[in-house]
Structures are given as C-alpha cells and as structure tokens.
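Enquirer: In case it's useful when we look at the structure, here is the feature table from TrEMBL:
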- 25-51: transmembrane segment (TRANSMEM)
- 43-294: domain 'G-protein coupled receptors family 1 profile' (DOMAIN)
- 63-88: transmembrane segment (TRANSMEM)
- 100-122: transmembrane segment (TRANSMEM)
- 143-165: transmembrane segment (TRANSMEM)
- 199-227: transmembrane segment (TRANSMEM)
- 239-257: transmembrane segment (TRANSMEM)
- 277-296: transmembrane segment (TRANSMEM)
Amino acid sequence: MPSFNQSIFHPTVFFLTGIPGFETYHAWIFIPFCCLYVIAISGNGMILFVIIIESSLHEPMYYFLSMLSFTDLGLCLSTLVTMVGIFWFNAREISFDACIGQMFFIHGFTFMESSVLLAMAFDRYVAICNPLRYVTILTNSRIIKVGFAIVIRGTTALVPLLLLLKRLSFCGSHILHHSYCFHPDVMKLSCTDTKINSAFGLAIVISTAALDSVLILLSYVLIIHSVLSIASPEERKKAFGTCVSHISAVAIFYIPMISLSLVHRFGKHAPPLVHTLIANIYLLIPPVMNPIIYSVKTKQIQKAMVKMVLSKII
C-alpha cells in the first residue's frame, strides 16, 4: 500500500482500501467482483420482477422473499460506486459526509435484512405450527405493516449513531481498511473518546441482529418440536423441506456478519488482507447466494422464471 503524508489530510476526507498488496492488479481483481455484482443485481432483480408480475406468487412467503431481494439489492448498490472507483479508477478519496451517507445505507439495509429474515422465520412458524390460521394471521394489510416496521426499525436507530460519529475528531490516519465506509472502521480512526459511540453501536446491534438471531433460533425450536410430533415421515420431510431455503439464507447472512464483528473487535493484529476479504464477503455473498438458493430450492419460483423466459422467447 502506498504511504501517505498525514499532514496533507483534510479532516473530512478518508481513503478507502482495495486489496492490500495487490494494488497493481486491481483492474484484474475486480473482474470476479464485477461478476458477483452482476449475479446479485440481476438475480435479485429477477426475483422481484417475477413476484410482482406472477399472481400465483402473491402470497406471504413470496412477499417476504421480495423484501429480502430488495434489501440485497440495496446492499449491492450501496457499495458498487466506491468499489468501481477504487479498483478501476484508483479513486480512493471519500468525503466525510459521503462516508456517513454510505454507512447509513449499508447498515440500514443490513438491519433491514436481519428483520426480514426474522419475519420469514415467523412465516415458516405459522405455516407449519398453525397452518389453519395462516391466511387469517398473515393478511396483506399486516404484511404491509410489517414492511413499514422493518424499514423504520432499520433506519431510525442509525440517525443518532451517525450524528454521534459526526462529533468526533480525526487527527491521525485517515486510511480505512475496507472498500466502503463501515462504522467500527471509521470510529477506530478517531483521536477523541469513542466510548459513547461504541456503547450505542453495541446497543443497536444487540437490539437488532442479536435479538433477531435469538428469535429466529427460538422459532426453529418450536418448528422442530411441532414437526417431530407429526407421525408420517413424509410429512416431516416436506415440512423441513420448506425451511431449507430460509435456514441457508440465515446462515449465509449471520456467519459473515459475526466473522466481521469478531475481526474488528479481536483481530487488531490480523493482516489487512483478512479485514478486506471478510468485509467484501460480508456484503457480497448474501446478495449473490440468496437468489440462487431460492431459485434452486423453490419450485414455484423456478416455474415462474421459466414461464417468464418462455413468454419472452415466444
């Protein structure tokens, strides 16, 4: 990584990082990243489009899936500009206000995705444990209310967090470890007291992602208890089969998130390359894998996509 004279840094400018040690090959390295972005944006966009136009998919499960695709699209688009700028144009500078804006969208869509996964877990719980009341519990009006609640929950807590960040002073290194602005990464560069910021950030994580993961786990404990009470092995297999896609989505979302949090908290001496790779996996793998998982595992989505493609060809 090239060295920078700290004295030339304006206090409101940061420098983003690509792949440390491989700056010469950034243009080539971004080709696989570009493919991942194309897959994520086209895959999630296609699922959204199919659910909107196909009336047979106008059911609670697919409404929640469309919300998941929307948040994944938001995550991709939140980092696309800075990634292209770094890897293809060596445009590493980002103003503090632009950094704050990017953080708002990245963390906002992350918390919204966590809430959507919780809503999908509740959907599976009602469908399996109380199927006779499924239609009466998950009505269209309630799903709309859940959607608004997810957006509000994912964004309102971020406003005071980012306002607290704006009060900090940055008088040392302004070089970030990632290709985008991430709250813990920016906060570490401050030369003022960040105890309030850390405590408030931890409180938000606990009240959103941590709480959601516990409730998702609880919902599956209840689902497993209900499924095991089913006498027929075929019915058990069918019930568990409806949960495979969601369990996979939960795993590919929370495992990278936990890994990134652990690296930021305990990996101070880890190589910069480790921080960068985990940070990119955290934001790219879920948007790439979710449409693939649901396209492969959900027959209704498969049929709707085939129908759409055939209609275009004809």
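Even glycines carry a Cβ here, placed using N, Cα and C.
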Enquirer: Answer yes if the transmembrane segment (143-165) and the transmembrane segment (277-296) have at least three CB pairs under 8 Å among residue pairs 6 or more apart in sequence, and no otherwise.
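Expert: Checked: the transmembrane segment (143-165) vs the transmembrane segment (277-296), no contact.
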Enquirer: With the transmembrane segment (239-257) as the reference, which stretch in 25-51, 63-88, 100-122, 199-227, 277-296 has the largest tally of C-beta pairs below 8 Å?
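Expert: Of the candidates 25-51, 63-88, 100-122, 199-227, 277-296, 277-296 scores highest.
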Enquirer: Which sequence positions outside the transmembrane segment (100-122), separated from its termini by at least 6 residues, show Cβ-Cβ distances below 8 Å to it?
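Expert: Sequence-remote neighbours of the transmembrane segment (100-122) are 61, 64-65, 67-68, 71-72, 74-75, 78-79, 82, 94, 146, 149-151, 153-155, 157-158, 161-162, 165-166, 180-183, 186, 204, 208-209, 212-213, 215-216, 219-220, 246, 249-250, 253, 257, 283, 286.
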Enquirer: For the domain 'G-protein coupled receptors family 1 profile' (43-294), what's the model's average pLDDT?
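Expert: The answer is 91, the mean pLDDT of the model over that range.
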